[in-house]
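Visitor: The structure is given below, and queries will be raised subsequently.
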Number of protein chains: 2
Amino acid sequence: MSKLTDVPKRILIGRALRSDRLGETLLPKRIALPVFASDPLSSVAYAPGEVLLVLSIAGVSAYHFSPWIAVAVVVLMFTVVASYRQNVHAYPSGGGDYEVATTNLGAKAGLTVASALLVDYVLTVAVSIASGIENLGSAIPFVVQHKVLCAIAVIVLLTLMNLRGVKESGKLFAIPTYVFVGGVFIMIAWGAFRGLALGDTMHAPTADYHIKAEHQGLAGFALVFLLLRAFSSGCAALTGVEAISNGVPAFRKPKSKNAATTLAMMGLLAVTMFCGIIALAMTTKVHMAENPATDLIHNGVPLGSGYVQNPVISQVAEAVFGKGSFLFVVLAAATALVLFLAANTAYNGFPLLGSILAQDRYLPRQLHTRGDRLAFSNGIVLLAGAAAMLTIIYGADSTRLIQLYIVGVFVSFTLSQTGMVRHWNRHLAVEKDQAKRRHMIRSRAINAFGAFFTGLVLVVVLVTKFTHGAWVALLGMCIFYATMTAIRKHYDGVAEELAAPEDPADDDMTRPSRVHSVVLISKIHRPTLRALAYAKLMRSDGLEALTVNVDAAETRALREEWERRGIDVPLKVLDSPYREVTRPVIEYVKSLRAQSPRDAVSVIIPEYVVGHWYEHLLHNQSALRLKGRLLFTPGVMVTSVPYQLASSEAAKLRARKRQEWNAPGAVRRGPTADRAKEPSPAKD
Amino acid sequence: MSKLTDVPKRILIGRALRSDRLGETLLPKRIALPVFASDPLSSVAYAPGEVLLVLSIAGVSAYHFSPWIAVAVVVLMFTVVASYRQNVHAYPSGGGDYEVATTNLGAKAGLTVASALLVDYVLTVAVSIASGIENLGSAIPFVVQHKVLCAIAVIVLLTLMNLRGVKESGKLFAIPTYVFVGGVFIMIAWGAFRGLALGDTMHAPTADYHIKAEHQGLAGFALVFLLLRAFSSGCAALTGVEAISNGVPAFRKPKSKNAATTLAMMGLLAVTMFCGIIALAMTTKVHMAENPATDLIHNGVPLGSGYVQNPVISQVAEAVFGKGSFLFVVLAAATALVLFLAANTAYNGFPLLGSILAQDRYLPRQLHTRGDRLAFSNGIVLLAGAAAMLTIIYGADSTRLIQLYIVGVFVSFTLSQTGMVRHWNRHLAVEKDQAKRRHMIRSRAINAFGAFFTGLVLVVVLVTKFTHGAWVALLGMCIFYATMTAIRKHYDGVAEELAAPEDPADDDMTRPSRVHSVVLISKIHRPTLRALAYAKLMRSDGLEALTVNVDAAETRALREEWERRGIDVPLKVLDSPYREVTRPVIEYVKSLRAQSPRDAVSVIIPEYVVGHWYEHLLHNQSALRLKGRLLFTPGVMVTSVPYQLASSEAAKLRARKRQEWNAPGAVRRGPTADRAKEPSPAKD
């Protein structure tokens, strides 16, 4: 096992990574599966329940449609998995849907996909945590009684963990995910054994309840619409499938093949669990309703607002294992944990996508810097804030949050698959080899079917869920899209303004011919003596010391000491009737420039540097302000001559530590990351 | 009136103030009175009620002690006013109690006074706003039903006003203060007329209630203790008296005489109003209790928790003018407004005292800069936060908040008066003129009596109120004291570390003999071309351009363009296996220093400046990070060559506007402010 513990650690500490040693640090399939699949696998904890909830609107009799809906979800899952296996082979660089859409359909399609995915990440956090809390609540009632509070607490916890730069290790994902998958399979097997071999009758805790149908005897178009809505809800099981296509570089070689195999395994596990839970729910007679307080009837009386409707998976576990039994509690805990890991996935994915978008200048460039703590922090806080807002607005109710979900996923699926069709068309136009052509035509057929099917589902989702909340997700997408377009426009404008003219004669700038240096002095101490010594070295065309007379007595003392020490630089005193420093200096610099417009002015500021943030509060504020103002004055260069105080050592240590900080999402991004580079100064 | 409107405006816009034109911009007495006295005058709105509340513990029979307590408060008020008239003459510079205590009793006494005053400012905000809300609530029930919410809203409003830099004008203070004073005098006069001339029996709304004494038939020591506690509460009327002694420089000439006269006027108004309200409360039979819900009995039944006890002043106004009458409503509104102005006084006084403390290096130097928006903002936010916390903890209940109040004021009174005694002793030791000596001996007697009396009151306040909340105020004082001592210690340590050695041979710094310049390049654009042109002007001993190879293709393109353009500076390329920029540059600079330790390195960074805060988010982050790191590297000078983008104009405009911002407290500080000067860069 020592290998296993080492591997993620070395992946995560970027410093240890050199291109020649990359091979050892990649993920084997058995670790890649839980790392990438915690999101899609965890969704079987809520998707089956959502199907039953919607069907219950037409009364319990509509429950017999649920196997058909399960079949539709399974077909869709296989379609999506088959389609993405093509993506993984065609785009092994890990750019995912955004790259596929941008390359094949253009920048606007790519940006649409990106907006959809960003919204989707927010919803992954909100939905997964809400559902995790509900599952945990089936074992610990306190949690579900303080749902919103607990959900916010989990969001805060994940946020803090990610802000601190927790090391994402494969093991962390592997154990709960395998416990969860194992638990669900044992439940299905044990349930099947008890039902079929022993002939036990298992009863869900809600088996004796009746459902008051909100629309009894629905038929025709209305019934079809309801079934489509139930199907839409079931599609929540598909979310996160695309994660593997973003993570190809993290796989061991052969990367694409291993990623494709993992994708298939994940699809198989997900549909088995989904169908198993639906089947057990039918067998144990789980009854769920959209409004359990009024629509669930027990002994002729509605259950009232005090009733808490537990998730399907926990009701089934209760029926199969028995309430409060060891396995029941383990499964509930594993379910909650996997759901929280799924939420954590978004904490990794959001800044990762952000960094790719930043490279394409749709987001601030510093987001792109791997390991820029501040930049990642902004992304994490944005994600957490949006998810917390949704959690509060929707009362941490997973059923209501799911209405917003999956719009983004299916926008992304559809555009990505459409892009793949274009991709194959482009390649088919030049490919001559018949065997390869046959392969491509097959791939194109799969992607075309994928595009058609996911597009159809997208329409269904939009039509059936628009008023239930999908509009919120669309609004979010539009906001992201507009913001990113505006940022790109800004960067393009700046680049144009900065572009160096080909012909130097076109340069509007007057080339300065001489430089006049000015050293700012407030007092004679070590920093000013050092600044004067350095300024003399520079041999500029003129050198003088400058002080602002804000206090006559102090200025007199300064002048006397200047003479006593015999400093051989002329000291110029500026009057300041309003006791300011910044303005007289700026005006003096401007007057120098006005006297000889072809000269540049070099302003040299002695500064001393301290090590603690609270010391910063105590020092250098006016120097900082002055530097800030000077930067806006044309024809000036601003030089800081730092003097390091003893306490500055602390800051050096801190900076070193910060450099070793691990950006969230490192494991799933993989180490090669061809696209990644840190921007140079003044480039961004 | 046009003169009047102009005057405050000109006082406030510092730019228009030149030393030769100061005379016109000073406050006449009729404006100075409301500016400085809104705090002490407004306290008559709650002080009389607090006396009755405490007495009610011993039952309604104890109310007949209230005139005696009023007499004690009047004597105390005259003592304090007489004492401070001496301060005003002896210390016309406006340093107030802090200056008096520091000069005569030493730094520790001064710091104690400062801590006490800072706590007092916080409590002035909390108490005045709570009381203002209660007065407003007597006319508008909604307000008192949402007491905490409304109080917080007022705090937020005042905070925003002061953060924006509202112009404090004399007029703003004059109108509500005179309406309030006028209203109270009319009430007293009309009440006396109705009672004495017309023989009307006026009934307060609580006249028919009975008080259930918590301790019936109190006698001996217990009774004395209760009377002392009632007296302590009445002393709330004294708060803010010292304000004038801080504001002497703002008065017209003869400054000290005018200030002393204003002080006397204020004292006279305050005691007349205080006694008048107590007398009317007795006449109209106001009944108040500490716990009105249980201790006020109407027809044998306790009033219960729904009962809202209105302030004495509003009950008296109801009895004299009639409930809901025009004058009643006007008086309630004016009372609330004056109390909010009193709170605003603290918003001015807190940063003002902070700026004086900053000059003595007990607080961050930048607090001292007049008009430094950021620094004042920190002070304002700190004050508002502390006041809001107290308001929430004590439920905006003025009675409970008053238990914390006045400890600070009397600490400050006692130390200041003791300091004055020392002051006269010192002067008497050298003064020969008999007339002057007589005058000094008289002043010393007044101050000695003041010190004794206020010291006695301080002991009484501490003994009677310690467990009721005075300990919170003491704790606050200790926190301020400890923080300021630590800051001073830090500044002293830094000053010692920075002090220039008298003998240059003692200098531990190796004087550099040569300088090597390095221009950082990421791309060829206008800013880099400008930086190269400037760097060449500097004629350093060596010049090279430096780029970091984070992307091989980009570096190749850069090198080609470099050659194509024939730039005559050698281009050095640093490899960066980890795709970083900061570390390779730092390490290269260090290696240069290691090769020739007697050389300095000048790092020149092309930067472009943008104008909006959101543009800052999009640019220059890695340049900033690099600059920050370079400052911690010894032997380096860091030069920014700014390139102003078109949008930077916006920032220039904003900076200009910010410079014209008015720091709160300008009116009361006065324009001369001998102590005031803006610190120069690198001094603080």
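Every residue gets a Cβ built from N, Cα and C, even glycine.
According to TrEMBL, the record shows the following:
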COMPBIAS  B:671-684  compositional bias 'Basic and acidic residues'
REGION    B:656-684  region 'Disordered'
TRANSMEM  B:65-84  transmembrane segment
TRANSMEM  B:105-133  transmembrane segment
TRANSMEM  B:139-160  transmembrane segment
TRANSMEM  B:172-193  transmembrane segment
TRANSMEM  B:218-241  transmembrane segment
TRANSMEM  B:262-282  transmembrane segment
TRANSMEM  B:326-353  transmembrane segment
TRANSMEM  B:374-396  transmembrane segment
TRANSMEM  B:402-424  transmembrane segment
TRANSMEM  B:445-463  transmembrane segment
TRANSMEM  B:469-487  transmembrane segment
Visitor: Quickly jot the same-chain residues contacting the transmembrane segment (B:326-353) by Cβ under 8 Å, restricted to those at least six beyond its ends, or write none.
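Guide: For the transmembrane segment (B:326-353), the sequence-distant neighbours (Cβ-Cβ under 8 Å, at least 6 residues beyond its ends) are 38-39, 41-43, 45, 96, 98, 114, 117-118, 121-122, 124-125, 128-129, 131-133, 135-136, 138-139, 154-155, 158-159, 161-162, 168, 172-173, 176-177, 179-180, 183-184, 186-187, 240, 243, 246, 313-314, 317-318, 367, 375-376, 379-380, 382-384, 387, 663-665, 667-669.
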Visitor: With Cβ-Cβ distances below 8 Å as the criterion, list the same-chain residues six or more beyond the ends of the transmembrane segment (B:262-282) that contact it, or say none.
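Guide: 29, 32-33, 36-37, 40-41, 43-44, 47-48, 51-52, 63, 66-67, 70, 73-74, 77-78, 80-81, 84-85, 88, 181, 184-185, 187-188, 191, 204, 234, 237, 241, 244-245, 251, 312-313, 315-316, 319-320.
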Visitor: Ranking B:65-84, B:105-133, B:218-241 by Cβ pairs under 8 Å to the transmembrane segment (B:139-160), which is first?
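Guide: Answer, by Cβ pair count: B:105-133.
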Visitor: Which residues, given as numbers and ranges, are at least 6 beyond the ends of the transmembrane segment (B:374-396) yet have a Cβ under 8 Å from it?
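Guide: For the transmembrane segment (B:374-396), the nonlocal Cβ contacts are 121-123, 125-126, 129-130, 133, 147-148, 150-152, 155-156, 158-159, 162-163, 343, 346-347, 350-351, 354, 364, 366-368, 404, 476, 663-664.
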Visitor: Which one of these stretches, B:65-84, B:105-133, B:445-463, has the most C-beta pairs shorter than 8 Å to the transmembrane segment (B:469-487)?
Guide: B:105-133
Visitor: Residues sitting near the transmembrane segment (B:105-133): Cβ under 8 Å, six or more positions beyond its termini, same chain?
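Guide: The answer is 39, 42, 45-46, 97-99, 143-144, 147, 150-151, 154-155, 158, 236, 239-240, 311, 335-337, 339-340, 342-343, 345-347, 349-350, 353-354, 357, 362, 383-384, 386-387, 390-391, 394, 396-398, 401-402, 404-405, 407-409, 411-412, 415-416, 418-419, 422, 473, 476-478, 480-481, 484-485.
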